[in-house]
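Below is one structure, written out as structure tokens, with a few remarks after it.
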């Protein structure tokens, strides 16, 4: 069995459409539509797992304290730990046995002083909602309505290959709504762009298929689109590859895109149930040991195997969570060098941008990009 059915949390929960779904399918959902769920028991990859094979669920350990402490941080020591642990692999300040608490300002200074220069970022659906992408659970949203009108046997059917081969129309109706170009990047995406422009971004791992990271100017070489992309597509019969633009016209015209060679249905390279993860996902085996800072923005950290990456960095490496609530290991197994900026996601990113002294730069960047879009 492919990793999809074993790993993903329920789409029915995410959509609020689980009624009437076969019992055998409860607890499952496609990788890229698991959004805004409640904090659940995290699941993890075993150290010997291969290609997304999972170990059994672990119980949630409860939210642990994450206070900032009253002492002034030993900042020189923290900068030294962040820098030299990246070279020598020591446990440093992040060994989980005490030490000074870090703040968002400390993280900014680590970046400014180049103590942290290899930043890995993980993002989820929460980074895109400020751009107007609908919540899949909200009745009355375009996506919710698109699913209802097709009278699906259960919500997950729209992302099952067997159902897709039988009736691809529901998926392409949903794809039309989600297709890149319908929405624009926001400040959080342009923060990631600045990290790249300044040579700080080692890799960006995204759960999203909206293409907003690419639209913000992040090159494909820096991206790992863990749940697939609309930027490319493949014929379901002859396996011919196509660029996203080659089938966009058909999708926007409510036509099923067909291969000109064999007339097979062209499917965007979005991960469906039972499909393997993109090969680029396995760059994490090199990226996370190299990272000297991990930033996580707008994700529930519930969908595996993406969620387990939050624990893949060395324990000496600071982790920053910008999110509405504590999630994953930040809640049930925090490290003392974790920083959690909770609340509005754009507001949290703005605070980090301000601490970095990048406010004017990001405003200028967004103005330039907006002006180019208007041409």
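Using the three backbone atoms N, Cα and C, a Cβ is placed for every residue, glycine included.
Whatever TrEMBL says is automated annotation, not expert-curated.
Among the features that TrEMBL reports, region 'Disordered' is placed at 46-74.
The domain 'Deacetylase sirtuin-type' annotation in TrEMBL covers 97-359.
What TrEMBL lists as active site, proton acceptor is 227. In the three-state DSSP classification, residue 227 (active site, proton acceptor) falls within coil. The 10 Å shell around the Cβ of residue 227 (active site, proton acceptor) contains 23 further Cβ atoms across the protein chains shown.
Taking the Cβ of residue 235 (Zn(2+) binding site) as centre and 10 Å as the limit, one finds 20 other Cβ atoms among all the protein chains shown. Residues or ranges marked as Zn(2+) binding site in TrEMBL: 235, 238, 259, 262.
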If you take the centroid of the Cβ atoms of 235, 238, 259, 262, the listed Zn(2+) site, which other residues of that chain have their Cβ within 8 Å of it? 236, 237, 239, 240, 260, 261, 263, 264, 266
Calculate the distance in Å between the alpha carbons (Cα) of residue 238 (Zn(2+) binding site) and residue 227 (active site, proton acceptor), and round it to a whole number. 23
By a three-class reduction of DSSP, residue 235 (Zn(2+) binding site) is assigned strand
Cα of residue 227 (active site, proton acceptor) to Cα of residue 262 (Zn(2+) binding site), in Å and rounded, measures 27
Tell me the Cβ contacts of residue 262 (Zn(2+) binding site) under 8 Å, same chain only and six or more apart in sequence, or just say none. 235, 237, 238, 240
In DSSP terms, helix, strand or coil for residue 262 (Zn(2+) binding site)? coil
